[in-house]
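Colleague: Quick one: structure below, then a few questions.
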Amino acid sequence: MSWTRRDVLRLTGMTAGAVAGWSLLAACGSSSDGSAGPVEGAGTAAPRRGGTVRLAFAGGGAGESLDPFAAYSPADLVRGLVLFDRLFNVLDGAPSPALAVSAEPAADAMSFTLTLRQNVTWHDGSPLTAADVAYSLAYLTGPGRTFASELPAYLDIERVSADGELTLTVPTLRPVGDPATLLAGAAMTVIKEGTTSFSPGEVLGTGAFRVTAFEAGREARLTRYEDYWGGPAPADELVIVSVDEAQARVNAAQGGQVDYASDIPYTAARTGAGAAGLEVRDAGAGHRHGYGFVLNTTRELMADPRVRMALRLGVDRQALVDTVFLGYGTPGNDLFGHGAQYFADGIPALERDTDRARALLAEAGADGARLTIRSGDYEVGLNASTELFVEQLRELGLDARAQIVSSTEYFDPEGIAAADALAFTLGPFLLHVIYNRSAAFPSLAFEDEELEQALADAAAATREGERARAWRAAQEVMADRGNWVVWGLGDVLSLAREDLTGVEVRESPKYPYVGEAGFTA
Amino acid sequence: MTDRTGTGTGRPAITATSAAVLLLLLAMALLGPLLAPHSPTSPVGVPYEAPGGTAPLGTDHLGRDVLSRVLSGGLPMLATSLAAAVLGSLIGVTAGLWAALAGARRAWAEGVVLRPLDAVAALPPLFVLLLALTALPGRAGVIAAVAVAGAPLSARVVRAAAAQAVSRGHVEAAVARGESTAWLLGRELLPLVAGPAAADLGLRFVGAIYLVTAAGFLGLGVGQTDWGLLIAEALPGAALQPTALAVPVLLVAALGVCVNLLADDVLRRWRTVAA
Amino acid sequence: MTRRDMAHRAIRLLAGRLAVTGGLLLLLSVVVFAGTDLLPGDPATARLGGLGPAEVAEARARLGLDRPLAERYGEWVTGLLRGDLGTSAEGRPVGELLSERLGNSLLLAGLTLAVLVPGSLLLGVAAGLRQGRAVDRAVTTGMLLLAAVPEFVVAGGLVLLFAVTLGWLPAVSLVPAGASPLSVPEVLVLPVLSLLLLGLAYATRLIRAATAAAARAPHVEFMRINGLPPRTVLREGVLPAVLPVALQVWLTTGAGLIGGAVLVERVFGYPGIGDVLIRAVQSGDLPVVQALAMLLGGVMLLALFAADLSTRALTPVLRTAGR
């Protein structure tokens, strides 16, 4: 299985090239006209029908596309979620039926039966059929496609057969005990059979909205699809605008240009909403993003488990949380996947112990060793965390250096391979997505027999209890000797009109489902 | 030629002030790292602390002392800009002089030297910076970009000044004696174009400062902390900690203004002497 | 000299300048192609970065990147002459990718220039005529300070003042899909103002210097001594000497604004070429980088050509007394 640099982007759930939030002079100081701090659980009241909702997300410039298999930036993903539907969605870290109502594995876990929802229609009124799903799976793996997906590694896509109008049999290449989770994690979207073009006039989806106008890197205008299988959406129209700079999104909301600014900087939360009728919203503890460093075990220094443990003991988690998140977050326990099903919340965060860290380094013969930490602000805060981590490692006597590069350059495979550690952030992806994609990238992978066994067990297990045990085992390996230093979990903040409701977090709060968005009466 | 419009009293004062400020900035850049009360890289307090107490200018987004960072950030800024400006001017002056000299002997030779430079000069400097930083990350990239973007302009300035000089008696005599090109360039022509070349060096220097700052703004890593990077870093939190933005902006602006004024003055003096 | 001689000379001059500009464009294409070829990465690695050496080599062969530089250059240049800018790493035609955004950037530069021309002339001449007096001091100092502050700080300051604090103008240049920025003129104001301040500092300084020099010229002195009214002195004596310089400044500034607006475009999220340029360079999307370099460089060379011609047309001495 091979991976492009975009897969890493995809893995991190972030845009290709959303560059470091410059930004200027957040809110003008006074927070008298805004609320004191971020509010949690806001915007859940029932919306009234009608209205145009304008939402700003980080975009992907001229590279944006309506093709759901070419979606990388938050704006692309948000648009895709309301235009198209997936077989399974991710809700609260677990799969939830969407276009598929069930995926039943065979006894040997070497195939599964996919049953589709009834009465789903495309935007031209034609019904959804099994052939559409078969086409979508084949499209995903077509020549020249670079969409990041683990599906081709698991599914025998050439032998997928439609058994009826709404059922398919999908043979697998290796045991798949929980196909729903696999499909949900892969964000498997369904496009109409025969689709070759995704231009605004031609594209067809099954989603709650259809496209009326689209301009890459600028804006998409979507109107309600009345016959949506989930019931018609509240808003008449959605306008999804691409604004790459975080502070520019804040400014746009404060100036009344948009009703919702996603993923705003922590400094904006400090200064307040900045205008009457606006509030800073916090996606909540369940939807935090993990921030950390992935240690490159292909480098001699990081191959030593004592060095890895020393780094984990040497990091000052609280200081990083207080500085990088301005306190809007909590220390992490070195595991990615917080918020996902089977995540090992019970494993505690290590206490800082510089004496033991120094002793371990001495034992490993790594006193004063030189190490390079590569970072690029593809998410704001990574560079800051790297600079601080470097200082903390210097206190351990290590000759640590930060290698700060531009966010697009960051993903250069050769550069990644040459660094000892990488600044990294991950949203609440399903665990198998995180572990499998990391494993496929040599510089990020952690090779360990026990871990690989646990991952294989988790994939093949058809029963809930087995899966939970396998995931527990996998995470214990990572906690014991793994290559992650996940120092913190950061809140995801947005700035919204107080009467805006129905912005629903599914996979990540950075690209929520906005099909139910509307204004309260 | 005297200034008939009555600026006689203002000029020397402005020039003296510019020179004094420039010297002060230079001293600050050189001695700054020694005077810094704290480490420029390790945090001394909470992020965005207001000025006062342990941090006289407050703390930055990572809780580091702004004063110490400002004091330590001058040298990399000045060194990079100066190296870039000198390199660019060196290429430009050599090309310009050679073109003027060769052009006096054979008209086409001038084009051979200057035309390729003209083609490069047509590209926006920021574009050249982006390309150079991609090929050559870090300080070296900035220096290369400024040199490449600035050399064609220097060459034009120097050539224009040298074209007049070439026809002067003693240069013509040297050409007639059959002196080597290097000798002609160094001994005969260079002193005659020193004024414009020096003024031009100043302008290249100012250009370099802005490209270094722009690189910081675009998130292109240039290694060490400098004033340009400090500005870019301070932007997101400017509402919480305005001094962290204001101080480096003022320093960069002062540097730009002083060098500009001095370059003007050098040019004016040279014209007076030459006339 | 007869009129026919003069016409001949003018045509010869035009042809000569045109040939030089054409040669420069060709030279630029060589510089750009060879220069970008030195960059790390190419469309194959840009698209297939992590796929491993075998896949990248295969893609290189498919895209024809393994052929000699000269051969690829020849193909690229002939494509350019046909108006074919190539295909981006994403597989989209570069011309299509750039056309609209380039139009938006041109619009920004054009509007800026429309204000810059009268503005810089007025300020520059006013200051130049009153050299050393209060007006001159104010203009000179203002322009010097303006030039000394990085443009993204200036742009940010304008956002803070006019968008965030006063709420008069939008902070972000949002342009509806399928519409031109002209349909929402309010989003153009702050970007144009930022660019204007950037260009004004440079243009005014040069025009002021030219005016001051012209005002000291013997023939102007002569007109003044002969008691001609200041207005006539300005129209007959000063402006004819200043305009050629000013025209040159405006043309080059205007051309420079197209590629120089990158930072300002970024501050306002303006849908111009700035964003494409930055992304293309950083991701190694060479066809886009090369096309942009040729376009921006070409516009600048044409501006220089136009400046050269108009200088000659406007300068009486050069027009008649050319050797």
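Glycine is treated like the rest: Cβ placed from N, Cα and C.
According to TrEMBL, the protein has these features:
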- B:12-36: transmembrane segment (TRANSMEM)
- B:77-101: transmembrane segment (TRANSMEM)
- B:78-263: domain 'ABC transmembrane type-1' (DOMAIN)
- B:113-134: transmembrane segment (TRANSMEM)
- B:140-158: transmembrane segment (TRANSMEM)
- B:201-223: transmembrane segment (TRANSMEM)
- B:243-263: transmembrane segment (TRANSMEM)
Colleague: Take the transmembrane segment (B:243-263) and find every residue of the same chain, 6 or more past its ends, with a Cβ under 8 Å from one of its Cβ atoms.
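Modeller: Long-range Cβ neighbours of the transmembrane segment (B:243-263): 14-15, 18-19, 21-22, 25, 48, 51, 57-61, 66, 70, 73-74, 77-78, 198-203, 205-206, 209-210, 213, 227-228, 230-231, 233-235, 237.
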Colleague: Grab the same-chain neighbours of the transmembrane segment (B:113-134) for me: Cβ-Cβ under 8 Å, and only residues 6 or more beyond its ends, written as numbers and ranges.
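Modeller: The answer is 92, 95, 98-99, 102, 141-142, 144-146, 148-153, 155-156, 159, 207, 211, 214-215, 218, 220, 222.
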Colleague: For the transmembrane segment (B:140-158), find every same-chain residue at least 6 residues outside the stretch whose CB is under 8 Å from a CB in it, and list them.
Modeller: 80-81, 83-85, 87-89, 91-93, 95-97, 99-100, 113-114, 117-118, 120-121, 123, 125, 128-129, 131-134, 193, 196-197, 200-201, 203-204, 207-208, 211-212, 215, 222
Colleague: Against which stretches of its own chain does the transmembrane segment (B:12-36) lie, if we need a Cβ under 8 Å and a gap of at least six residues from its ends?
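Modeller: Residues packing against the transmembrane segment (B:12-36) from afar: 65, 67-68, 70-75, 77-78, 251, 254-255, 257-259, 261-262, 265.
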